[in-house]
Amino acid sequence: MYAEETNNVTAIKDIRAREILDSRGNPTIEADVILADGTIGRAAAPSGASTGSREALELRDGDKSRYMGKGVKKAVANVNSQIRSALMDKNVTAQQAIDDAMIALDGTDNKDNLGANAILAVSLAVAKAAAKSQSLPLHQYIADLRNQTSLTMPVPMMNIINGGEHADNTVDIQEFMIEPVGFSSFSEALRAGTEIFHSLKSVLKSQGLNTAVGDEGGFAPNLRSNEEAITVIMQAIEQVGYTAGKDIHLALDCAATEFYKDGKYILAGEGNKSFDSQGFSDYLVGLARQYPIISIEDGLDESDWDGWKYLTEQIGDKVQLVGDDLFVTNPAILQEGIDKHIANAILIKFNQIGTLSETLDAIYLAKKNGYATIISHRSGETEDSTIADLAVGTAAGQIKTGSLCRSDRVAKYNQLLRIEQQVRASYRGREEFIGLRG
């Protein structure tokens, strides 16, 4: 329920938004929610490079004279006027009601009017202010929203080679990741991933390859094939004494929508090699059989549901098949995938849907139906580390927040280290993939 009395210490007394810069040097929106007792909750909206067509709308100004059209003054104005007026004197602890009020105020299916970035920044700032007002860490406040009693530390998906839309190189597959599953704590898993990251740098240098990094902090060398990215990572794992397939598994984010043209999957970096839907599925199946790949994200185009069905039938019992562009954190679309037995996991991105409450709806719908959940950053990030708290507070099981460099990525890992020390939540490692036989 909303609080009626304006002197309630948890009443919202002001909301302020501003333009800030994200990790790619593009504007994004940051919002402050200020309570009657002076408590401030602050949050920023991230931004993606490869985006699903059914994501909620990120409102940009389109004014080419400012930030090349990417300014967010309209979104800022929407927060400082319409959203502020609608939420003044409301009880900040009424997360669902506040999110519902913003959704109703917008009045569109994909938040066209106010912008998902405007709504999300306020939604997350509300949660942070509410947590502070109750003297709760954010992860615990999020857990309490859905009566999540057991907290776990997530297995990190560490993006150590960038390609596709995240780098200016010859690699088509967007992300090559490692998942340190064979460890007893998050801190030890993070250490292993960091050691492999530095080992990979030395492997690349020894082969005369570029060690500059992409949007998410992974290395972005020009390679002869996508498979070569896997082989250099395997060398890096071995070089520091870990066992691939036991201590460390591999994961891919193909972002296949980005190279799907006219019904064909075209690998430009491999001489425009072309596959039909079944052919590219078989290509991925072959990689998963040859290498210790535990997870494949967006292996097919978001509209290629027949291809997804085929891929799920081929390896869905052995490999985690993650829908990102496929599901866009939308409970209705996820339900369709569940009904059709498409994929077996969902990537969770706040800004694809636009509120914390809707994000939680997607997470718990997935959990209820046996789908794995991976909390994710975007390629355009800020120092905001809310996703770390979300991963723990929902016991999501996995988190995807980039490589082991760039402070916008490391901020999330560091927050997880703080949480682990504070709550001593368990790190389940390989048990997070217990449904897979591979």
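Backbone N, Cα and C atoms are what each Cβ position is placed from, and that goes for glycine too.
Note that this is a predicted model, so its numbers are computed, not measured.
Matching Lys201, Lys349, Lys412 to the (2R)-2-phosphoglycerate binding residues that Swiss-Prot gives (Gln174, Arg378, Ser379, Lys400) identifies Lys349. Site annotation for Mg(2+) in Swiss-Prot covers Asp253, Asp324, and the matching candidate from Glu216, Glu227, Glu297, Glu358 is Glu297. Cβ packing within 10 Å was compared across the binding-site residues Gln174, Ser379, and the lowest neighbour count falls to Ser379. The recorded positions recorded for this entry are Glu216, Asp253, Glu297, Asp324, and the Cα of Glu216 lies nearest to that of Ser379 ((2R)-2-phosphoglycerate binding site).
Counting other Cβ atoms within 10 Å of each Cβ, the lowest count among the recorded positions Glu216, Glu297 belongs to Glu297.
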